[in-house]
Every structure is written in structure tokens, then in C-alpha cells.
Amino acid sequence: MKLCVIGTGYVGLVGAAVFADWGNEVVGVDIDEKKIKKIESGEMPIFEPGLEELVLENIKAGRLKFTTKLKEGMKDADIVFICVGTPQGDSGQADLSYVLGVAGEIGKNLQKGRYTVVVTKSTVPVRTNERVKEVIQSVAPKGVKFDVVSNPEFLREGYSIEDMQNTDRTVIGAQTERAKKVIRKLYGHLESPIVETDLRSAEMTKYAANAFLATKISFINEIGQLCEKAGANVQEVARGMGLDKRIGTRFLVAGIGYGGSCFPKDVAALSRTSLDFAYDFSLIRGVMRVNDLQKHSFTSKIYQEFKGEALGGKTFAVLGLAFKENTDDIRESVAIKIIHLLRGRGASLRVFDPEANENARSYLGDVGIHYAKDAYDAMKDADALLVLTEWKEFRELDLQKVKKLLKNPTIFDGRNLLDQAEVEGAGFKYHAVGKRTNAYHGTDVKSALLPK
Ligand code: UDX
């Protein structure tokens, strides 16, 4: 089929490349000419494993093209995908200006005598696709035939190609059988189930999925808080819980809270949507509150360790700046928030991330921060080591080398990434999340109700 993909962010660029790889003729459209030029020359705007190769291969095979001109991109397209951003607005709502702006442009460029399916892949609140349809209808030439479809994307950054190729399911929300048939043809070769539904249910599915995953994370973070106080171990509890197939082991890793371009924004938007419908979704407000507190619980361990709240004169080595492993994305990264908190109290930082150093530098600047060339460079003469992103390579640190480089053998592991027995055995004071370590600061609660 002929496809036009509007927007070359994560969803759009990965989507365009994967659709082309499936044998479709794809044109990616973006208003940013510089970005388009870079992509064409093989320079990806984001770090995403396997993306560069996939884009170049499909350009070479003649199946993938890019343009800044929507009219050109939409020429003879069977399906037009909207993959532009829906950033968080001032009161938590999703800002739909890009989506609706693009809908208007699509409307003007629909061809007479052709049936086109307009698919929204951007994450949009329930009922948005009906607005997309209205906007298109209001500007489209008379008699043009089109349908709108909601087809949310569930890919994870860092694994997006794999996630698109081997998705757990495809959700297609549509108003007509004709539209569903076109989209089914695109995804029909995948082995996973296709969920066919109405527009509103498809839109809601995306928010429900992200909010549920965020709930899992906040839930295990609260269990972690309790484990630490009660002398239990959150990692073992998560394993014991997760092996129940109804629960599942994934997304039960306690840490410093979730970040990224999706969870914080989508959870806030769902909360806002519930208010728009005069419903108080109290659980989701709890999820957000727990997530916000989690980083403070982590930094309070640092303040306690260094006795007092002003950290002037202290230097911390930080491993990990991206919001998670395998990406250079620092949007809503909790690591960056923690750096802000520590710098705000006068601390200096020596930081390292395998991919996100440059993005962090352009956001945080250089004041009080040294961007290290590798993990060990970050540790030189630091008062303690902070592990803030779950990059695999940080699991394999040479602990003897770490000990020699740090001023004090003290580690705050915000992701429970390191092996507690090894770290403590190597003579470190080890702070972790949701379990007692040799650095446990809490005091046992004295309650008449607790068993002796
Ligand atoms: C998420 C969804 O997983 C994906 O389906 C959706 O399309 C977009 O949003 P992404 O933002 O790429 O994907 O990251 P994800 O891997 O889900 O992690 C989100 C955040 O949660 C990260 O900050 C990560 O460190 C944190 N996390 C994840 C935990 O703290 N614990 C976990 O167990 C899992």
C-alpha cells in the first residue's frame, strides 16, 4: 500500500521505517527541513537501536522517502498517519494543537475520487478522533471520501523496532467496516491479536494501558517503602508476586519513579479527562503523587547520610541521565530531577550517561556539572556514587576500581541495579530502594500492635 506518515518523532519515524520494511511505499513528512535532510543522510534525530540501518536500507530499496511537502507526501496515499506530538498542557490536558492543525492540512490535501483512511497514532484523549473528522470535513473538497481510525502505538523507546514488529496486539478503532479492512490489510501478517473496536474505546485503551503500567510502578514503589520499614526485600516480593500469571513480573521494578515522554504526560491527561467528565479518578491521582514522592524519598537518604541539608562542597558521581536505559531521551527523566534537587542544595555533580550526556548538557548547562567521558571518570574524588538509570553496563562496574576512585565508599543505587552482597562485600556503604542494606537509616517502628 501507499502510506503517508506525518511527523518524524519516535512513533512516526520508527513507524515509517517499519511499514516500509513490510513492503509498503512510505513517505515520511515533517515541517523541519533540516531534520528531513539529516534523516535522509542516515543521521537519526534520536538514538534508537537498529533505526539507522532500517531507514537507510528502506531508502535504498526505494520504499521509503521523506519530504517537507504534505501534498507530495499524500499523493495517492491509501492511509495517512498522524504521528505528531501531544505535549502536556498547563492543566494536565493533552495539547491537541498539532494534531488538529495537521488534520486541517490533511483535509485540504485529500484527493477527489480516492478513498483515504486517516489514522491517528498520536496519543489523544477520548473523542479526539471525532474532532479530527470534523476538522477534516470542514476544509476538505466536497465529495471527498475518507474515514478516521484510531490506531494507538504501544512501542517503548529503546526497543521500538522490536515492539512494532512483535507487538502484543494491534488496536483498531473505526466507524466503518471499509476503514477497518484497509488497516487490517496493513497489520494482517502479524501473529498477535487485532482488537477491532470503536474510536472512543481505542483512544481510551492507550491511556488505560499506560496508566495501568504506571500504576504497577507506583504500587511496587509503595510496597518498597513498606518493605524497607518492615525489613522485607522488594525485589524478592516482586518476584514472588509477579510469577502469578495474573500479575506478571514486568513493570514491578522499584526505583526512583517513572519518567519519559509518555507515562507522566498520559497519566496526567487521563486524570484531566476524568475531571472533564465529572469523574474523580482518585487511584490515578495517587499514582502521580507516589511517583512524585519517590525521588524525594531517594534524595532524603543522601541528605541524611551527609547530615544536614546544605550539600555545598560535596561532589556526587551520577551514572545515568536518560529516563531509562537504551535511549538518549531525557524528557521527564527522574535522574535529571534529582540532579536539580542536589545542585539546588549546593552540590557539584560529575555525570555520565552512555547516550544522553549531550542532551543533558543542553538542558542543564555546565554550572556545577562535569560531563564525564565514562563511568569511572565520573567517580574521580566524588563523595558518593549515585546510580540513576538502569543501563546494563552499570551492572558490571569494577567495584575495586570504583572504591579507589571515590572519596568515600558510598553508593546510592536508585534502581537496585547492583548486587547487594557483592557491593557490601567489597566494603561499600550501600543504599538501595525498598530493602534494608548495611546503610539502612530508618529506625524500627515501636508499636504495641507489632508482633514482638
Ligand atoms: C511507555 C510504554 O511502555 C509504551 O508502551 C508506550 O507506548 C510509551 O510509554 P517508554 O516511555 O518508552 O514506554 O518507557 P518504559 O520502558 O515503559 O519506562 C517508563 C519509565 O518507567 C522509565 O522511567 C522506567 O525507568 C520506569 N520503570 C519501568 C520503572 O521504574 N520500573 C519498571 O518496572 C518499569
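Including glycine, each Cβ sits where the backbone N, Cα and C put it.
DSSP assigns Lys265 (NAD(+) binding site) to a helical segment in the three-state reduction. According to TrEMBL, the feature NAD(+) binding site maps to Asp30, Lys35, Thr86, Thr123, Glu157, Lys265, Arg331.
Around Phe154 (substrate binding site), taking its Cβ as the centre, 18 other Cβ atoms fall within 10 Å, counting all chains. Annotated substrate binding site per TrEMBL: Phe154, Leu155, Arg156, Glu157, Lys206, Phe251, Leu252, Val253, Ala254, Gly255, Gly259, Lys324, in sequence order.
Packing around Cys262 (active site, nucleophile) is summarised by its Cβ count: 23 other Cβ atoms lie within 10 angstroms of its Cβ, all protein chains included. Per TrEMBL, active site, nucleophile is recorded for Cys262.
For the domain 'UDP-glucose/GDP-mannose dehydrogenase C-terminal' (317-420), residue counts in helix, strand and coil come to 37 helix, 19 strand, 48 coil, using DSSP. Per TrEMBL, the feature domain 'UDP-glucose/GDP-mannose dehydrogenase C-terminal' maps to 317-420.
Across the binding-site residues listed here (Lys35, Lys206, Lys265, Arg331), the residue whose Cβ sits among the most other Cβ atoms within 10 Å is Lys206.
Filtering Asp30, Lys35, Glu157 by Cβ distance to ligand 1 (under 6 A) retains the following binding-site residues: Glu157. Most Cβ neighbours within 10 Å, among the binding-site residues Leu252, Ala254: Ala254 holds that distinction in the structure as shown. The substrate-binding residues named in the record, Phe154, Leu155, Arg156, Glu157, Lys206, Phe251, Leu252, Val253, Ala254, Gly255, Gly259, Lys324, extend over a maximum Cα to Cα distance of 24 Å. Here Phe154 (substrate binding site) is positioned 15 angstrom away from Lys265 (NAD(+) binding site), judged by their C-alpha atoms.
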